[in-house]
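Q: Sharing a structure below in structure tokens format, with a few things to ask.
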Amino acid sequence: MKLRRSMLFVPGSNAAMLSNSFIYKPDSIMFDLEDAVALKEKDSARLLVAHALQHPLYKEIETVVRVNPLDSEFGLLDLNSVVRAGVDVVRMPKTESAQDVLDMDHAITEIEKACGREAGSTKMLAAIESPLGITQANQIAFASKRLIGIALGAEDYVRNLKTERSPEGIELLFARCSILQAARAAGIQAFDTVYSNANNEEGFLKEAALIKQLGFDGKSLINPRQIELLHNLFAPTQKDVEQAKRIIEAAVEAERQGAGVVSLNGKMIDAPIIDRAKLVLERAKSGIREE
């Protein structure tokens, strides 16, 4: 499964950022045609994003576009433009049901047919931003083979709860756990919401550590400075890597000997621990954490 620790939001109407945001090296670039774009700039932003998607340097990084809802006047126009331009992943906003996913899947299928793009090559990411969506997270996660993951959109969700975001994020715990459980059950990835105070590095790291501990695959970002911080947090330490190698070596040796039980230093090593060691080694390919 592709490494997607960081998804950097880039406003679709910001020509300067569109021209060079690949230099920050997030795992995915997410061009935004929805909330970050004023109504009067929707059409020009769509053209800018379509042009950026065809830039050779954006072929070397995964591209995601958050389109406007299909039931808006801009949604289908956005979708037609970005699918034809070769976007890797379409981010659905405000997903509240499996039917929302199916409708988007069908629309993408028709566009792929019309432009000659390989069927199924356009992937989807469903953003859940309401209490209704959270209650339907499991159905949403299983709704389409195009889905690479589901993501939490906190601002609308918290407003609908009739509360506000706190430094501790306690108001998001149920939503985060619901999204994570649904994603894991469906075998797809789970992504956390943005941390909106770009100047609060300590607060960002605290929240990022929390979602990593919960089990999230990555996080949406609004500031390039957050990318390195997040990648370093998700990276294993050298000590982690060395222990993971010992676990894998013990498992390989046990299999070679036909032993039914894997042990290391007198302790039994079961399948979940071996799987965790494999994940550590996979993450280590992208860097070792600075301690």
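Placement of Cβ uses the backbone N, Cα and C atoms for every residue, glycine included.
Positions annotated as substrate binding site by Swiss-Prot: Arg66, Glu129. Summarising the annotation, Swiss-Prot assigns Mg(2+) binding site to Glu129, Asp156 and lists similarity to another entry as the type of evidence.
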Q: For the binding-site residues listed here (Glu129, Asp156), which one has the lowest count of neighbouring CB atoms within 10 Å of its own CB?
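A: Least crowded of the binding-site residues Glu129, Asp156, by Cβ count within 10 Å, is Asp156.
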Q: Restricting to the same chain and to sequence separations of six or more, state which residues have a Cβ under 8 Å from that of Arg66 (substrate binding site).
A: Phe9, Met30, Phe31, Asp32, Leu33, Glu34, Asp35, Arg91, Pro93, Ala127
Q: Whole-number Å only: compute the distance from the Cα of Asp156 (Mg(2+) binding site) to the Cα of Glu129 (substrate binding site).
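A: About 6 Å separates the two Cα atoms.
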Q: According to DSSP, collapsed to three classes, what secondary structure does Arg66 (substrate binding site) have?
A: strand
